């Protein structure tokens, strides 16, 4: 057993509400001891026990690694021209997904693996240590299974999303596609996934179709999540609560009844601020959700069409500026909130026995993540207690 002491931490975010140190449980002049990839101790630097090795944080802020609970990384092709068209006034429509479906079906395994690996590494450099990844750009039995197998190379949090949109070959017979998803596709894909997701939205899947798909996934041992209420008011949030989904994602257009349902449930509302940023859509009112008692997570929603970024610090800044979260709330949502959205208790916070996933910031406080938007503040990232990325300055 080897131990690592990280000391001289200027500001340590623990997300431990029992410390009587604000909602983030912030400790000053702190230290952390890691043993065999897990948190073994944390507290004041002056009380830190000895360890085999030492990392001097040099006054930096240290936070739990970000937990990204919503990502679409298995794809091929480029939709930058679609983005440019939106910036020229063309409204966003979910149908653009079909463009990526064609490119993904035509791509080699090597191409898909290269893209996923590159984007996961990009997310890691911005502090993300836990990452969910969905299928959804194959939309045949064979292609969806391939996408899940590619996703499994970078994460255990693999989501089957054959119900992303109805593929072109089923445009006239969408119920036949739903039947395929509920039977042969899930039979083949469920063993390769942990979660089942559905885009419950106009232009995608209606309430009855979405419910049937989620129930078919649940019957095969998958846990549900829902893309809900992104493009307009709809039944997605209520369906998510009905199915005890881990999360309802987007939640841009929600009613008082939707918010009350979320607040009284175990379903997390995952906000995806980069999607609104990239589509010029109205932002959901995060303040309204939090004040009502809804548990909120943040995610970049990395995908090639409506939000092509993996950068959680950017999302924190946008959530503070446009969704009216405080910096503390946004950092909590990007760490502990994401863990709640994945129903994980071993990441997103510091506790003895939790996974030692940490990000060191070139800043004295986590507030700088919102205060200095666009600045690459992540100086080092630890996953399972090992430094997996760092700038030269951290150890020089």
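Cβ coordinates are placed from backbone N, Cα and C, and glycine is handled just like the others.
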79, 137, 164, 230 show up in Swiss-Prot as binding 4-imidazolone-5-propanoate; which entry in 306, 365 does that record put in the same site?
306
May I ask for the distance between residue 72 (Fe(3+) binding site) and residue 79 (4-imidazolone-5-propanoate binding site), taken between their Cα atoms and rounded to an integer number of Å?
14
Using the recorded Fe(3+) site (70, 72, 227, 301) as reference, state which further residues of the same chain have their Cβ within 8 Å of the centre of those residues' Cβ atoms, listed in sequence order.
71, 134, 249, 250, 272, 275, 299, 302, 303, 307
From 79, 137, 164, 303, 305, 306: binding-site residues whose CA lies within 10 A of residue 227 (Fe(3+) binding site):
164
How many Å separate the Cα atoms of residue 301 (Fe(3+) binding site) and residue 79 (4-imidazolone-5-propanoate binding site)?
15
Around the Cβ of residue 137 (4-imidazolone-5-propanoate binding site), other Cβ atoms within 10 Å, all chains included, total 31
Pairwise Cα distance for residue 79 (4-imidazolone-5-propanoate binding site)/residue 303 (N-formimidoyl-L-glutamate binding site) [Å, integer]
10
